[in-house]
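> This structure is in structure tokens; I'll ask about it shortly.
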Amino acid sequence: MATSSKKINMDTLYADLMNLCSQDDIFYYKDIRLHAINYRIFNCRLCSYGRFMTHPAALNCCGTMFNITNLKHVQLVSLPLEKIFDYEEGFGQQQFHQCGQLGDKMEKMDGSLVSTFLHGRTSQKQVLRLKSKQSLTSNQVLDAMRLLVGDFQSELEQLVRLNYTVNMEYTTPSSHLFVSYSQTQLTILSIRSHADGHTLFGSRLKRFLLENHFLTTLNHLVSFESIPSHVTHRQLLQETYQQTHGEGYVVEIIQPDRSSYLVKIKTQKYFMIYGDGGTEDSPRSLFEAIINRQTDDRRKLFKDDTKTLTRIDEMEQNMRPKYNEMLRLVEEFYRMNKCLPKKDFVHAITTNENMKIYLPLLLRLYANEENDYQGFAMKHAKDLFGISGSAKFKRHASLTIPLFRRNKIILNFDLIIDCTDKLLSQWRSAPSNHIHLDIGQQCRNLLLLIFGFLAFDYDLKTFDSSDHNELTRALKDFLESIYPVFFLPKVVSIIYLKLSRRYRRARTIIQQYVYRIIDHELTECSETIAERKRRSLIASLVSALQNAEKTEMIKSEEEKKGLNRSEVLHEVLFFLLAGYETTSTALTWFIHLASKHPRVQQKIKAELLENNCKQDLSLEHLDSLVYLDCVIMEVLRFCPPADSSCRTLTMDDRLPESGTQLYAGDEVIIPFINLARDPRYWSIDPELFYPERFLGEDKNHQSYALLPFGSGHRQCIGQDLARFELKVIIARLMQDVTFGDGGPEVNAGGFVQTVTIMPKHVGVTVQFD
Ligand code: HEM
């Protein structure tokens, strides 16, 4: 049944793989000659889970290499990791996994897999080398080999001479898309015995290395931990999915017969970048998923949606053969013509109408370089597969999503406290029975002040009404003049913005500031930039600025890298629009609801006291404030600042229950507020403001019933920042003050719809404890 629990027969592995390739052209091999030694690397093209399960050797096909110089005495030289599937992948597999115990989990890395082998005719002359899945001499492989130095190299060599392949991830600061690495490094994932194919990883590998004194190698081990026995499979899946950093884990499952194998479990962030949850219907996004072998991620996201699953299947059946045919065509042409001198080789390609487009791929094969077939297919998706696309969003997302990672956000703790103190000192100067009727404005001032520091490292002085500077006025004018756009048809809004002097003036001023900051950032020395990049959003965006904008401009979207100046400005304005009003609205709702529920305020204060945060709030204690998390969730459920989001259909569809026909191009609204108050999805009356629900009956609520930040790959990228801001601000306020109800008329609630859903009547007293 399951993956690597199957024992492989090492004696017949070569014959089995050859047999596999002769039976099924999805599996193939490539012969490479290096210094008069002939190697054969086995590999596979795009194929489904089922295909792997029908051939016992298939799991060991990806990258396994033999020395075939003497065909009578073929030798296994490199044995990479067996293919690892997702936890959810494969029909019935989940039930099988659940019969097993969870063992170690190791960090899933975002680099390229490289494996060791010994190269040389005789064992005395053999030297340690690395290979990737397909190549022995690509630049990437050669770069990785430069890291084999000193004790690390000699220990690896010893391991390889003991008949093991060491499998490593090669990561560089530039090649990642998802996880940042500060330096180029080789990280050991596992070692595999050539004698029996057995894999050692995690704690068993650590023990093995310790016992055999491979101490330098030990320092290169991928980070891993043993999963405590009380953690259930469901908990692990849920916790990993909700994790806001990293790609996920490779997890060991130990079956009752003690055989074990690995599965992948991915985070939601992974799906946000790689998985196009929200636009599953988009042919481009599906195409990319197929090419990147991520359709199983998609199936997981849409496991209850048979229509989407059928679409994935159809697209896969359509695209896979086309993609595989492309690979076959290129490799076949190369094989037939590789003996030609280069000039004739190029001539043969350029005079062949069918092959012209593959010139870059063929030239790389000719130069013995590794080919990025997936990248090529995506770049030429339109010409080769008739698919057009979403590369621009991917470029922006890959640059902006990392700005909102937890390790960046938490650096703003003190800043948020300082800004909140400014609000508190303003309240301190008012009489204690004063009813504040402008809480909404005060919350906006606070969040704009924080935004100024976060985005520009600039004091907008929003609490100092006598000293409103030019940028503050421009930002406020920008926001106020742009609001009508949200309610106007697109064409009308374009005309409106062109005619609005207030909007144009405000935008010009903000643009001047942003461009000036960009110029200033560019003149800073690299250390200062690195330090500022840690803190200010714009410094990070500037570091992604394209060096040669003009050259970038004429490139196709797929080839573009970084942002140009106007895109940096656009990002800053977009963060302002998306992040400032939404968070200040949530804070205003909190104050209104707190004034109506003194019990909730008392419980937050008690929690602060219990965790020694009543006087001193610190970042370390923030995670212990669990009740406060529930309060924030309940505020966002009860009064979501954004009431809905929408998606545009890319193909015709029909509503399952009513049968209503929908057409491509129709906009569909997803009403967060209705879902959050629908009694079908909540155990405790959803019309009650009751934070404790998240500790009990409604802890495992229907996941789509609570979507304050949207869902899918276009969900809010600033949600971690928003939650963090709200938590720090509310904790700081609750340390010092209690909000009182200003009376039924002034504190009547209700709502008014602007860009967000704002409370209409808020009137509260602010009492210092
Ligand atoms: C309580 C505060 C916030 C709420 C309720 C909120 C809510 C939302 C919602 C509902 C969406 C649309 C998601 C979808 O269609 O699936 C969204 C998108 C977005 N939000 Fe937020 N947001 C908040 C704070 C922030 C912050 C602080 C930032 C950043 C500074 C931010 C940046 C964004 C961006 C850039 C998008 C567009 C993402 C895309 O189109 O791919 N938001 N937000």
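Glycine is no exception: its Cβ is also placed from the backbone N, Cα and C atoms.
Features from TrEMBL:
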| type | residues | note |
| --- | --- | --- |
| DOMAIN | 74-269 | domain 'T4 RNA ligase 1-like N-terminal' |
| DOMAIN | 284-367 | domain 'T4 RNA ligase 1 C-terminal' |
| BINDING | C716 | heme binding site |
> In sequence order, which residues at least six apart in the same chain have a CB under 8 Å from the CB of C716 (heme binding site)?
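Correct list: A578, F709, G710, A722.
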> What is the average pLDDT across the domain 'T4 RNA ligase 1-like N-terminal' (74-269)?
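Result for the domain 'T4 RNA ligase 1-like N-terminal' (74-269): average pLDDT 85.
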> Please classify the secondary structure at the residue listed as 'heme binding site' using three-state DSSP.
coil
